[in-house]
Ligand SMILES: [Zn+2]
């Protein structure tokens, strides 16, 4: 599309390594403005920006990886803050700010169902999709209450209940379009009818915290389940005569599997097996971040819903010793994927950007560096640390060590003071 004059907020990231869904482009140019990606290209790439002059505010990102913003569909907290129905919405925004500093431009607040259903209406009004100082909270991922009592992990027994269609209808009414993903156990009585209801309402139904057999998991997929929550964790494992939910997840091509790539939740060999079975498009890196993920001090004990959590033997644990979320942040997951899954960076990034966008059906506007998509950008340094995060074309985070090069854009902490 020809552009006759430079819009006022154009930013050009110059000299970076552009991370596309299928390759890297070195010495690349990425031009953003009006909240969107305007143009991108590089030497020999045939990109449209290479044959015209650089415009707007030019930022040198030579040698850095310019990635599509990461999208985390499974986040409970971060930086000692939590998505907690007992806490004010400002606490939720704090979580979003912490994850923006880890390259996450969009996320789903992952929570159990609140006791007071009116909180769902309030969430829609106050939080979902609003412009924030951190990652965009696209909506909710409800982990519960329809979970298996024998695979509940750290979720309290008292928070679980059986799926009932009238209960689901009330939930859908209250949460509306802010309910994006629900994790449930498909073998529970009433689950199949609820899966159909939720799917018809546009909710992505995931199976997780489930004791489903292989056959039950296959039936669930037929009924509309399209995701598996933290593959291998809190589900029936792979047995050669009863492949379980894990086996079904790897066998079913239409089901995308979340994986917690921290080296604690899943052995790297199991992750590689899953990758071979699912292919790059079938795996989705998530953090399952607990409030202790990205926290400056991990010796603390902090609340996580109804119980406190602390770090024991390098993992975040509930008082009964069970794993309670992770300490992982998504840029670490991407870096880990290059080692544990032995994939090139562009594939690891794709599992943290395009795949979750596809899973939510928002890949028309998010998930990859493409002209016309939202200017959600994560810039990584050579060690895969986050140097800068842009959301909708706004710089929301910059690493203090790199702040000098981003100075023309005003460091974000100044912006947040003005707000
Ligand atoms: Zn979780």
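Indices start at 1 and increase along the chain as displayed.
Glycine is no exception: its Cβ is also placed from the backbone N, Cα and C atoms.
Heads up, TrEMBL stuff is auto-annotated, nobody curated it.
For the substrate site, TrEMBL lists 233, 234, 241, 265, 323, 324, 325; matching the candidates 154, 168 against that entry yields 154. Of all the binding-site residues in the record (143, 234, 241, 325), the one with the smallest CA separation from residue 288 (active site, proton donor/acceptor) is 325. When other Cβ atoms within 10 Å of the Cβ of residue 324 (substrate binding site) are tallied across all protein chains shown, the result is 25. Within the set of binding-site residues 154, 230, 265, no residue has a CB atom less than 6 Å from any atom of ligand 1. Using a 10 Å Cα-Cα cut-off from residue 209 (Zn(2+) binding site), the binding-site residues that qualify among 233, 241, 323, 324 are 233. Among the binding-site residues 209, 230, 241, the residue whose Cβ has the fewest other Cβ atoms within 10 Å is 241. A sphere of 10 angstroms centred on the C-beta of residue 323 (substrate binding site) encloses 21 other C-beta atoms.
On the 0 to 100 pLDDT scale, the model's mean across the domain 'Amidohydrolase-related' (65-396) is 95.
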